[in-house]
């Protein structure tokens, strides 16, 4: 058995060819996931983290990082740019903020017109080179000019102050320390925009350097700490390679190399899968744009849809109202024992491959359209089409939620199974893997209905291929979902493991197929006819 | 955090100044509610008018800008003809603690000289400003005469409309809407 190795480490990247026969040790993550880098899995010390901060992640890989590591990464990036542009590191930080933390764009713009960029960023009057900045801090590398020796009248409080109590920004404008403190504390209260605070003088565009922040707010350290937090938040929010985990109360940060479409907040995180580009829940094969369109559409149509879609359905045979409380679509009516599919309400016996039936739940047959059909009929047909997709989208969404809930029960079942079989913890991991696979598939299937809804209706070939892929995945997801809900006594480990793998390969086929524009037939091998993963 | 010392200093300075055409009066004991006046700049349709502006000093002053609003009705692209709300950058994100109530009022005076129709507060006024400058000037002037001048004598047009049997308020409103054009005002009154 190869599951022993799988643990929680995803090892998969898009360039990997999916070959079921080979690499038994390899466990494929949902294809949307990048490769969780080695660093991400192992625990790191603080020295290592500072080092990894600057290290580039390989394309297609990602890792979860801690806040302290984010700071190190920011520092490393600023230092890298500071050496190239021969400016101080805090200056580099400001310049990088200007281009949304893209060093490439900054290089391009800065080298084209350094003066313009510097003055636009408010650092044209800053002095101090890259040699001044230390590895641990960006806060003291900008020189501050002395206050006028004879003291001054502060232009904020209108009081006379001696030079020793005045603070001067690189532009030469001096104000008393107390007013500076009030000014910057007020900026902090305004929120994240405080990182763009300029000299208090009217129309002066010189940015307040970190060193001045530190001097002015030395009396209120918690405000100063907030300033630092805002700087780091800016780095996380705007750099393409970082993203907050969007799950509520998670707060972890994911760092990803190029070409990573979606990531999972794991290991060590909450396990939520999300899109690195738009921050929504992972949605392959549908694109970010389609997901947004769909969300808007659902919002507009939701009342109609909700009105039509009740929470319950009637058993097609005995008409008893049934509430679905488990993830699988294979329903057995508790009253009449009739078995049917929750999606299409058809007889379940037509759904299995054994009966020669065909699982048609994912297909929508548009009614024969006639040219003379009235507008209202067309509108009705459009609504029907939408509802067809929405129902299935919603169905998988609900099933996904059940599966997530089921995870907790699965943990308990794993303990139970371990005790009854006297096996090791690793021996029972397959239950969790199967459960997680169901979640991943449900999520992907959800998105396939968005993808399908917006798929060009005239592209018959593509649609056929897509629906074929979708159907396969749906069938296996249902099987797997049902299997994971079985009582432990009747559960066949080998079978669960096999189906998990086969399902995974279908998930991969579907996503890579959709990504390649559905032009090429994916892997000709059909794992259904040939369960190639040998069970030991 | 509002610094009373600073407000006091500002007020003393303002009381000494008689040339700039700007005055400020304290309306509340804590000195947080003030009332300022500016005179309409020469060579503009606002010439001869005196504009009252309510000033509210926020707690964060001078790190936060004072809140200002025209109490006197005015026809200007950057000032709401309904509420008197002002669209001016230094009263928002471009505020600097080195600015004062006086400099803010002077900026308002400058705004009366040079409207910014590309950044309008009142779309209707801004449209007129751009499309029909002559009518804009006429209307602004009429509003100045009607609302911003000491009402020692009513304009002849209002008296005539009142003589025709319309109530004074309606006559003023109709004339204001018609930009001072008496015939148009009569038509408006008759058709309403």
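Cβ from N, Cα, C; glycine included.
Range with TrEMBL annotation region 'Disordered', chosen from B:1-20, B:21-40, is B:1-20.
In the domain 'UBC core' (B:2-149), helix, strand and coil residues by DSSP number 53 helix, 27 strand, 68 coil. According to DSSP, the secondary structure content of the domain 'UBA' (B:150-192) in residues is 28 helix, 0 strand, 15 coil.
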